[in-house]
Amino acid sequence: MSVYVLIPAAGMGRRMGASVNKQYLPLGDRPVLSHTIALFDRHPGIDHIFVICPEAEFPLCRREVIDPYDFRKVRGLVAGGAERQDSVRNGLQACQAAEGDIVLIHDGARPLLPPALIEPTVAAAQQCGAAIVGVPVKDTIKLVTDGMIDSTPDRSLLWQAQTPQAFRFGLIRDAHAQALQQHHKGTDDASLIEWLGGRVAMIEGSYRNIKITTPEDLVLAQAFLDTPGDFQA
């Protein structure tokens, strides 16, 4: 069995207010995306990595992210699609894994994943077919319509989904193919498995595993990076 990692890094991140893809913004002394790739490149349980970004950014990605850090497991860059779901599907087509191989899909803008979470996520995907990392929500959640609260879900049942999300290759490949055929858009890759009636295991993750989306997130990520913790590769 081989373990593949797909890293979608095609989003411009308009909420960041930057003129470049947020994955190329500096975190410490190197780009955000290079931290993310390093987490998996250094992990002994990972075999192959594919980075998904706009084709027009291939030279930039190689120059700023791939070449300077001598990654050993990056097998190639994959052209992103119009939406994240399209980008992941392109990545699945590129990796050409076997049916029973495991594929982890991880946001390029999540550079602080604790490496210790990778092995249990892969193991759960081997056993169940699909597994994701997440954390219990801290705040009370409200369902709102037209500015008015409809209801308050039981917070003890709510988890915030993160990445990586891990799957048997054949399962997630077929889910994406059916979603394309039926014009179904999922909010994440695990939701495609749920849509088809499949079960997805939840692995408790870390609140440090943030997705860098806003300028405030970048400040918080830098603070985490400067603080010893379980996220360091």
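Cβ from N, Cα, C; glycine included.
Listed in Swiss-Prot for this protein:
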SITE      ARG15  site 'Transition state stabilizer'
SITE      LYS22  site 'Transition state stabilizer'
SITE      ARG155  site 'Positions MEP for the nucleophilic attack'
SITE      LYS211  site 'Positions MEP for the nucleophilic attack'
Per DSSP (three-state), LYS22 (site 'Transition state stabilizer') is helix
Comparing local Cβ density (other Cβ atoms within 10 Å) for the recorded sites LYS22, ARG155, LYS211 points to LYS22
For LYS211 (site 'Positions MEP for the nucleophilic attack') and LYS22 (site 'Transition state stabilizer'), the CA-to-CA distance in whole Å is 11
Per DSSP (three-state), ARG155 (site 'Positions MEP for the nucleophilic attack') is helix
Rounded Cα distance in angstrom between ARG155 (site 'Positions MEP for the nucleophilic attack') and LYS22 (site 'Transition state stabilizer') is 31
